[in-house]
Amino acid sequence: MNGFGAAVVITGCGSATPAQFLSNEELSQIVETSDEWIKSRTGIGKRHLADRSVSLSQLAAQAAIKALEMAQVSPRDIDLILLATSTPDDLFGSAAQVQSQIGANRAIAFDLTAACSGFLVGLVTATQFIRTGTYRNVLVIGADVLSRWVDWNDRATCVLFGDGAGAVVCQANDTKDNILGFELHSDGSQNGSLNLAYEGEELPLKQGIRVQKGTYKPLRMNGREVYRFAVAKVPEVIEKALYRANLTTSDIDWLVLHQANQRIMDAVSERLKLPPEKVISNLSEYGNTSAASIPLALDEAVRSGKVKKGDIIASSGFGAGLTWGGIIFRWGD
């Protein structure tokens with residue numbers, strides 16, 4: 001047990017991606033690049049992209065319904081919905097739209113924004129709500145449609161991102177606590193390495209008051225700095241989470257990292273001395289889906305039979321902010 005109130009188990013997962021995709025070969029007709037250039041630097045083969053008729057909340061709702069079905073939980077029994085996203089349909093948030101679409105009428109719903117670390121932050125937040133006894137059934141969703149926020153003329157960024165959603169159901173349990181340990185960090189001094197900033201011209205309203213009138217600019221990233229940051233911080237934060245769980249790397253059955261870049265995942269697993277066969281990767285199929293990437297990879301691994309009940313999973317999210325974190329959990333109830 002955890003020394004708090006209720007214990008926490010993850011009882012279901014689900015994911016959703018758009019049917020349409022853009023291959024590296026097709027992308028090379030849009031911007032100066034090639035399949036070999038992209039794969040050798042990122043490991044990405046294609047990315048699924050949401051049509052303009054598909055909303056972020058629709059993808060999130062599809063993933064949520066699948067997770068609820070696996071958990072055998074009715075939407076009406078959900079107490080809280082946490083939507084981790086940086087690309088909501090509405091700047092005020094999309095969680096309430098998801099709540100309505102899935103029929104979770106009792107649930108309070110709100111967005112969390114922590115970029116590619118968002119799902120992990122949401123999972124930790126859900127754990128704390130359950131452990132304090134506030135809620136018993138929490139739906140955590142990671143979803144992003146970054147295809148709408150990249151510069152499709154910038155080959156350094158447009159080759160990386162895809163759209164998708166993933167979700168898990170967290171429930172209170174009287175005996176088992178399957179959230180074993182976690183560690184979260186932020187460093188705002190490095191915000192310039194990866195951001196999606198609001199910029200514009202000033203608009204004077206009266207003497208002494210000049211507001212900014214503008215819009216959000218496309219995503220900007222310093223790839224080399226993000227790589228250095230991830231390779232240095234991710235192994236460290238996973239080891240800290242393992243320490244909190246009273247475990248070591250030898251106890252890890254699967255490593256489920258934010259699917260940012262295959263080079264990063266390879267470097268992290270090497271530093272943790274984990275064999276490649278323990279690393280779950282679907283980067284080639286989907287690219288970087290930001291907050292969706294961890295639950296999307298987890299869901300595919302569970303449904304394929306790779307991840308089994310009782311397996312210990314180490315996971316880490318890292319990205320804009322800069323934010324990063326690690327969590328250790330046991331799969332299944």
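The backbone N, Cα and C atoms fix where each Cβ goes, glycine too.
Fair warning: this is a prediction, and the values are worked out from it, not measured in the lab.
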Given ranges 184-188, 259-263, 274-278, the stretch to which Swiss-Prot attaches the annotation region 'ACP-binding': 259-263
Asn288 (active site), number of other Cβ atoms within 10 Å: 24
Cys116 (active site) CB neighbourhood, other CB atoms within 10 A: 32
Spatial neighbours of His258 (active site) that are distant in sequence (at least 6 apart) but have CB under 8 A: Cys116, Ser117, Asn288, Ser293, Ile294, Ser316, Gly317, Phe318, Gly319
The region 'ACP-binding' (259-263) - residue tally per DSSP class, helix then strand then coil: 2 helix, 0 strand, 3 coil
